[in-house]
Amino acid sequence: MSEPPFEYFIHIPLPGTSRSVPAVPAVPPGTSRSVPPVPAVPAVPHGTSRSVPPVPPSTPSSGTASISMTLGAQPPVPISYHSQFRPAYGSPYPPIPRTFGPNPVGYPSQSSTNAFLHQKVIEYLVKKGYNRTEQMLRSESANLDRDGKPIQDRAEDLGTAKYARGFRLLSSWIESNLDIYKFELRRLLWPIFIYSFIELITSGYAADGQAFLNEFKDQFQQVHADELTTLATISLPQQITDNSITKLYQSSKYRLPLNTHVYFSLITHLESNSKQGGSVIIYLLQTYCEIRETQRGPIDQFSFEAIINQAHGVEPEESDLQEGIPGAFTGVTNKDISDNNAKLKLGPMAMDTELSADVRTDLEDEDAKNPPELGKPSLVELFEQKIKHEESSEGPSRNDIPYPPSRARDVIMEIQKIKEYRDRFKIESRSGGVGPGVSICMFTFHNTLDTITCMEFSDDNNLVAVGTEESYIRVWHLHGDPLSSEVKSGPNDPPPTNSRRLIGHSASVYAVSFSPSIRGADDADTSTAPKLLLSCSSDRTIRLWSLEAWACVVVYKGHEGPVWNVKWGPFGHYFATCGLDRTVRIWGQDHISYLRMLVGHDSNVNQVAWHPNGAYVFSASDQADKTIRMWSFTTGECVRVFTGHTEFISSLECAPNGKILASADAGGSIILWDLAKGTQIKRCRGHGKGGIWSLSFSVESTVLCSGGADGTVRLWDIEVPADPYKNNDGEVIGTGGQADATRVSGTTASAQANPATGTSKKKGKETMITPDQIVAFPTKRSPVYKVMFTRMNLVMAGGCYLP
């Protein structure tokens, strides 16, 4: 049998009104009032229905809105009485309570009940003319869902999550845009990122700020690694104003040049997606950024268009240079690489004051013991000339690049450098058409099975190290002396041999580098031999080996791909690496992570070299890039870009005078560059195809030595022009299998090619040599992996015999 329906009344007092209760007539004492009986309700069989006349609603008092609501039949359930509900007059059933959570079958849901009540209230207020109350009710319920909970539809109502939501909206829209606009639009991401972080921290949400930083920092890691490291240490609002980087961003507006079409497209997208985070991005742009509309948006300064404009001397437009905040590093898009007249500090770095005083004292004692020969300057005089040259040259300051305090070993090395500079074989500039008679000492490795990938000589001319495809390194003593270890494991240690194998890498080793050293005096108490060896591999690591314990002491990780090259800095302590991830990284010996990340190449970086004063680093890229970039160590900025190679760049070397850079490619060409002007000096030709794998300058920077895959070692005159149209065009000679050295005198290549041994049908590949080649020394069948001028101007070369 079904239950009768219920009827409820809801009394809602209206704002600013009061409800009057009608007086009930008093009943005299001793009397009674008769109440008419309630007629009985006949039972209704189950499954049938009946019509019940509606009960007239009670007349509401003044200031009270009364609404009746009829609900369907419900089974009786145990309930508790609700004060805001009262049963209809004459109903024998208690009211149904308001329920939460899943409802039983047949029960009205909470959301439908609330919506129904809300609609009835609105209708009543409209009918009675309570316009002000109606507006207030509509306004308050606009942001409520059907369950009466606030709707978080707008970005402003999301709390700290609004910044992440807005950044995702902007980033996804940029990546889905046209390719011609992506470069221009991506410049928006960095200022939005850093200002969102600043807003979170200054508002006191340190945990949310760090979460935002960790979620989006990866896309800025290559360009803004230093800033991200600083931001990771900030967690308090006070640190925002104390830190120089965040203070600069907070107090200055970030300039963003955008062309008109891109600007209107951006604003339209943000406004149409205001509730999804667009309003937050608009707020950040209005508060912290200064957008300047331009006719043409900025171009990538590392693109081919920018490089062509630079080569033709086209001045960059204002939109290419006005991005960012003055004094803040904004990434590769704001580097003034187009100005090759930017001033550089190419002079030698001044010696430390304490070190200079110690060296001068020891040199005076040395001159007293061993007076110089007649007509030769004393060691002190040579040292004073060096100091004056350092002071007169525009070199970097010792304060720009911090180095560890000097030791006794450094004093001995400086003294030995002065001695070798005095006693060296001097190579002056070419005069009278006669080239210098340079001596070359060639070391050939046999039975290598073509597994050697790299080779390096130590500066003291005692050690040679090679890396192999079999993931190990082997070190030999060039004089056959045993390589003993300072670490003794026990009395049964095997006797030392003249070679050591270093095992630790898990893939091919592509480069090795000895720490700075010098051949010391026999009676010196302190050794000046190399103490450390660096190696890099395709296993993405750089390893530091101790040459005293013959073991790996540090593993440096950071590259996101194979590491192609590694080089110690000229004064030790710092070293540079490059790899497949298109970056150059500068490391400190005492830091497990890199100190600088230099980003700008369009393809993987395979060559790296240092300037003699340690203030600049050179890098070269292959494949589509084929450019050489000069980076400032102190600021991390690209200060020069050199273009001209059409083949894979296989070697880099900077002259000791710090003014000339030499680069070689797989096509057999060598290009000399003027660093101060940023221009090409000349192109040298003579090597065959296959690549020039090593370059080295003489002490005076007047002669260049090269060696490569064609199996020759060649010497080049730096000061002689190499223009074949202004001089003799040169003779076509063979490059392989020559029995005698090829010497070029004056401007004529007077060498005659001899056939390779074995057969007369296979002759060396013909190539043209330019008149600036001094001499060429061929090998039988040994590609030359390494050439190096010593401080005494002797050339050391190494290669592997390939039968």
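Backbone N, Cα and C atoms are what each Cβ position is placed from, and that goes for glycine too.
Range annotated as region 'Disordered' by TrEMBL, chosen from 23-67, 68-112, 473-517: 23-67. Of the listed segments 360-388, 389-417, 737-765, TrEMBL assigns region 'Disordered' to 737-765. Tallying C-beta pairs under 8 angstroms between the repeat 'WD' (445-478) and each of 502-548, 556-587, 642-683 places 502-548 first. Across the candidate stretches 556-587, 598-641, 642-683, the maximum count of CB pairs under 8 A to the repeat 'WD' (692-719) is reached by 642-683. Residues belonging to the repeat 'WD' (445-478) score a mean pLDDT of 94 in the model. Same-chain residues lying 6+ beyond the ends of the repeat 'WD' (642-683) with a Cβ under 8 Å from its Cβ atoms: 307, 310-311, 340-341, 344, 346-348, 606-613, 618-623, 626-630, 689-701, 704, 706, 708, 710, 716, 718, 721-723, 767, 770, 772.
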